[in-house]
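**Q** After the structure tokens below, expect a handful of questions from me.
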Amino acid sequence: MEVTCLLLLALIPFHCRGQGVYAPAQAQIVHAGQACVVKEDNISERVYTIREGDTLVLQCLVTGHPRPQVRWTKTAGSASDKFQETSVFNETLRIERIARTQGGRYYCKAENGVGVPAIKSIRVDVQYLDEPMLTVHQTVSDVRGNFYQEKTVFLRCTVNSNPPARFIWKRGSDTLSHSQDNGVDIYEPLYTQGETKVLKLKNLRPQDYASYTCQVSVRNVCGIPDKAVTFRLTNTTAPPALKLSVNETLVVNPGENVTVQCLLTGGDPLPQLQWSHGPGPLPLGALAQGGTLSIPSVQARDSGYYNCTATNNVGNPAKKTVNLLVRSMKNATFQITPDVIKESENIQLGQDLKLSCHVDAVPQEKVTYQWFKNGKPARMSKRLLVTRNDPELPAVTSSLELIDLHFSDYGTYLCVASFPGAPVPDLSVEVNISSETVPPTISVPKGRAVVTVREGSPAELQCEVRGKPRPPVLWSRVDKEAALLPSGLPLEETSDGKLRLERVSRDMSGTYRCQTARYNGFNVRPREAQVQLNVQFPPEVEPGSQDVRQALGRPVLLRCSLLRGSPQRIASAVWRFKGQLLPPPPAVPGAAEAPDHSELRLDTVTRESSGSYECSVSNDVGSAACLFQVSAKAYSPEFYFDTPNPTRSHKLSKNYSYVLQWTQREPEAVDPVLNYRLSVRQLNQHNALVKAIPVRRVEKGQLLEYILTDLRVPHSYEVRLTPYTTFGAGDMASRIIHYTEPISSPNLSDNTCHFEDEKICYYMFIETSRPRELGDRARLVSPLYNASAKFYCVSFFYHMYGKHIGSLNLLVRSRNKGALDTHAWSLSGNKGNVWQQAHVPINPSGPFQIIFEGVRGSGYLGDIAIDDVTLKKGECPRKQMDPNKVVVMPGSGAPCQPLPQLWGPVATFLLALQR
């Protein structure tokens, strides 16, 4: 078994004022995955370009203490500023096989409760190129003064792409342009946004009969290849033409087999035929083969419009439509209309009376009606008239009008609706007219005006209808505008006046209206009543769960509040400690009779009184509980993740050390932390090294540091840290530390790079001979450094000698908010054949790089060289070295004194020429 030994160095506390190292969140979006390119323009607009179908990977790099939580959201595009409802809570956003609809602006929001959240965004541009579509259109117009016609052909090429596609037209293998052929015109039609190009063949000539290719390209962006479509134009090219084997309206009986043929009468190339149905898809069992549509045993639900469409990309598609009507009848209703002229709502002798009969039928106009009285056909007379299509009633309605009603007109009337000669059953409705036929009244039964039920139970709302005949009752919501009934309908019909609701919910509470229908009864003003539904539900309380911390010996007040419930009152509140019932809390003087909260006071927090408290609140319908975990134990430590260069390697022993830093969360909430227990375990190993680390009083925001040594390269370790107070162990925090190749930060013993070190520096100078030109630039870029001090001083020697010397610039590239280069020092012109030293103060705000830039002058006489670059923490020396002091150049016999290296033996420089 492998034994891991660790050397744990002494704890080093850092005392800070105020909030200490607590800092608001900062964020930066970086990309990975299969991006084509990431652009940044002058206004910091970041655009991530990716090919459709590739994998999008965005990472939100955050700093701040405590460690910020990251949330990814997205807008639908430039037309919307609203976040989508779905979010991703992770530092890395990954979308497999991204689609074009997933393009838009992505936001990374980082927050840690300190200051305002940090929000960064990047626009994702999804690139794609669909297959192009080529259609052909033709116009024939008279030319005045001549005896011929001009024929013009338009070849229209359309494609969906991002970015906009470039179009290339070819006849055969030859590329076309209107500048080379007077008979050709290529243009972009209006309102197409660059997605369509038209090739116009004017006054068609024999050589115009050929194969034409439309090639579309997005210039190989994201590696998307070009695509093309070809069409052969001949003297027989023509748009499709169709005819049907049946009439455009086809009426059939249910159960019959229906066959419709769609016949091609023209079109070159040969058109493709397709059948569709509206609304909805073709019926189950329907078979479409070529131009033949077969529907076996047709039913009433199969009625609708059937479309046959022929396309060959020439002209407009040809379309023929068959309106299939399957004979059917349903919903037979009647109406009794008293004398309208006398505005009567009752049947009275000597007044007119109208009986109406209607059915919903297909086809509606083919329905016939027949009236019977007391079982015999009704005889027409001057006082008994039968009319059809009453303008005040639904279409194709039959009405029987009784003029000057007599006693002998009382009786039973029967209306029969039928389809003559069709195997469709007749529908009939019966109406009894007598002195007892009276209009309806509606009311709510006694004690049923308010219905109270519990959530999840069934409910029944009832209205009683009296009258003869009794019409159906229509139910609707009253108190909610445009609200639907639980069935999803605005109106619901019941024959017995009862509205039955299954498993009611709290949102069903409210007022419901019941009213009489104007059919299957009197055609008069509806009568209505209202019923109130109250849905009771258990209480909702806050807090649902709360962690209460307090120092030993101090009091604690626990409060459980009622948020909502029906009824909205606390009927009883019971407190328990570790499951054991507690005595009721003493009543508060002046408290309300129906309180909305319950409180429990603990005079002193002790080890014995620490534990779980539960307050169970009831409102006679149900109960809910507030849970409190009372304790004097310390909160967990908060690991500090922004330690600059925490890994330090020791190459001779193949080990590394790690700087572990943390703060203590809310140290004043409980008793002072006395020590920490540290546990370190190599991943995939069972043994762990445990050590107690004593500390003095820890303040909020105070950064604590511990250095772990003798960690083995390249293994990772789990670190657990637990605070201890007089109460005992607090909450533990854990993290995984990984070995990363350390960045050599500048320090007093490792701070210089000079020419003689062959591991890093070669001879660093700017050659100005040909092929270099005026304004050419050479750059020397350092590795990336973490800013661990406020001020730095860059010192170096420079040599600028010659007639045509250009400029030497020193820039600082800040990396905390993208790459930003700032000029820190510049010098131009001939400075003599001597080495001179410069000291340049810089104050980087975050990770930074140093850049030496040389700019070529007007000729080749003169080179620029630098040596002995030094970076030190702190301010530059006030007394500058005499610029006229001569320093012997390297290689001249007296070399410079060798100094420690600035960037370390593993660092490298990048030398690049830029135009």
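Cβ coordinates are placed from backbone N, Cα and C, and glycine is handled just like the others.
Residues or ranges marked as domain 'Ig-like' in TrEMBL: 24-123, 132-230, 240-323, 338-432, 440-532, 539-631. What TrEMBL records for 643-743 is domain 'Fibronectin type-III'. The domain 'MAM' annotation in TrEMBL covers 762-878. What TrEMBL lists as signal peptide is 1-18.
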**Q** Take a look at 132-230, 338-432, 762-878 and tell me which one has the most Cβ pairs under 8 Å to the domain 'Ig-like' (440-532).
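**A** Selected stretch: 338-432, with the most Cβ pairs under 8 Å.
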**Q** Verify whether three or more Cβ pairs under 8 angstroms connect the domain 'Fibronectin type-III' (643-743) with the domain 'Ig-like' (539-631), leaving out any pair fewer than 6 apart in sequence.
**A** yes
**Q** How do the residues of the domain 'Fibronectin type-III' (643-743) split into helix, strand and coil according to DSSP?
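**A** Its residues divide into 3 helix, 54 strand, 44 coil.
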**Q** Just give the helix, strand and coil counts over the domain 'Ig-like' (132-230), going by DSSP.
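**A** Secondary-structure breakdown of the domain 'Ig-like' (132-230): 6 helix, 51 strand, 42 coil.
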**Q** By DSSP assignment, list the helix, strand and coil residue numbers for the domain 'Ig-like' (440-532), in that order.
**A** 3 helix, 44 strand, 46 coil
